[in-house]
Each structure stands twice: as C-alpha cells, then as structure tokens.
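Visitor: Here's a structure for you.
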C-alpha cells in the first residue's frame, strides 16, 4: 500500500479544497467576513494607516479567527474547539522545522517557513497533504538512490524554543487571556497568522546568539523531547475538550458586539467553526498518514498495527499527541548508530 500513499495525499488535498473552501464559500462565509471587516476596518497598527489596502487585507485575515476566539464569544463551542485545535496543531511546526533542518539543500521539505505560510493562507488541510506528497516522493527517491538522512545540526533546542516563542505565545495572545482589550487581541491574532515568520526570525536570532557565544548542546541531546512536550500539550487539550463537552451553549446576544452585531458574529462563528472542523480532520488525516508511512517504511511497526494504533490514539489521546508519539519513535530510531552502509541498526519487528 506504500506505493498508493502519494495518490492518497493528492486526494486529500482535493478533498480539502472542496470540503473546506467549497463549503465555506457555498454557505456565504466570505460575505460574513466582509461584514465583520466593515465594522472594524483597521488593525490599529501604527504605520499601516498609510497603506489602507494592506491594513484591510490584514484585518480580513484577523476577522476569520476573531469570532471564535473572542474573550466573551457568543458561540463558546468555537473558543473551546480553537483551544484544543491550536494545542494539537503545535506538533506540526515542530515537524516542519525539524525536517526542514534535516533536509538536503534544494529539497522542498527544507522550506519550512514557506510551508507554514502556505498553511496559513490556504489552510493546513491543503498544505499537509501536499507536504506529505513531496515528503514521500523525496524520501522514496533518496531510498532508491541509497542515500541516508542528514543528521540534525547542532543546537537542536533552537527548533522547540523558536516554536514555543513564535507559535505558542501568539496562539496564547490570540485568546486575550489577560483581557487587554480588542485592539491588542487583534494584534495577537495577526501575530499568530504570521507565526511561520515569527518562528523563522526567532530561530535565526537564537542561532546567531549561540554562534557568537560559542555554545551548543551536545550531539547526544535527545531531540525526541520536543515531540514529547507538544504531545503532552495536545493530549491534555484533547482530554479537556472531551471533558467540557462537544456541544456548544445557546447563543447569547451580549458578546463581541463591538466587532459586529450578535446575529452576524453568531453566523460567522458557526461557519468558521465548521470550516475549522473539516480542516482539523483532513489536516491530521494527512499527517497521521505520513506518520504511518514513515513507521511502515522504516519497519518500526507492522502496517496494520501502525494503522490501528494511530486510529485509536486519535480517539483517546488526540491527533496531536498521537502524531507526536509516532514522530518521536521515528526520531529515536534515526538517532541510533549507523552501520557501514549508512543503515541504522535495529532489530526486526
């Protein structure tokens, strides 16, 4: 079945284009977003007033998430879903940046920032299947040519640290946890929308500082810790979401009315929530398929056992924790000593 994996990835990408964007457009989602932007046309960021088109475009990006992350949303199910959504998705930038650091020059996998920005523009449901397609194609070509995976560069702590700062902090601020007000929340959402750039800039700064000080962690540093950490975050959020209930509360008409009217925001929130739910399912279907491919290709777990474990893990631990566990197993395997031919020594399963 491994040879069918690229075709499945392409099918998932097409399903995302139809199921995510097609449904949203059919239900009038863009009209709802225009209504929110019309009520709050500026991000309030100094300097952007001189570029009204750019300011309005950025506000359009903010308006997409604002109805479901507002401090007092009229659709509480949206806020709860977004909390666990962002917590589970945190493992994906760790994978993108780790594999980007490991990839050969010229490999499409190497451009982790580009993949991240593409995810924010086209949704992760479109990006992840395409990423999986190229990952499988290039890893298959490397295996055919007898090549080996490059080791991770020194200072492996840069990836988890940059993801924590560039992804985690903007994601937290987008929910306005300190009740700083709508204007600052809009900037937090905008920072999260551009999180791939935040991660990239943070990583570059950390590497420069580390290089100047001449400090680096030893090669024996266990890089699986990153996956364990984001896996625990994803599992806790998944269990919390299940514990708080999967159904939303009745609509209340006294929230985020400063952005738009209750009716408009209520309908917009429901459309965005449906959009995100479809996006969530396809995103992790693609990433867990990639995890299955890697576990099976390297013969770490039997094909049927890997599929069953990943499916059960999604249900009980959450997709983020399951994906993190699978990638941690792969990372642990890759860190084992290599033989004369470059093959990693392991006992057959």
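The backbone N, Cα and C atoms fix where each Cβ goes, and this holds for glycine too.
Values in this document were obtained by computation on a predicted structure and should not be read as measured data.
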Visitor: Can you say which of 228-248, 249-269 is given as transmembrane segment in Swiss-Prot?
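Guide: In Swiss-Prot, residues 228-248 carry the label transmembrane segment.
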Visitor: Name the residue range among 81-101, 207-227 that Swiss-Prot annotates as transmembrane segment.
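Guide: In Swiss-Prot, residues 81-101 carry the label transmembrane segment.
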Visitor: Sort out for me which stretch, of 4-24, 158-178, 309-329, has the most Cβ pairs below 8 angstroms to the transmembrane segment (81-101).
Guide: 158-178
Visitor: Of the listed stretches 4-24, 116-136, 158-178, which one has the most C-beta pairs under 8 A with the transmembrane segment (228-248)?
Guide: 158-178
Visitor: How about the transmembrane segment (4-24) and the transmembrane segment (271-291): do they have 3 or more C-beta pairs under 8 A, pairs 6 or more apart in sequence?
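Guide: Checked: the transmembrane segment (4-24) vs the transmembrane segment (271-291), in contact.
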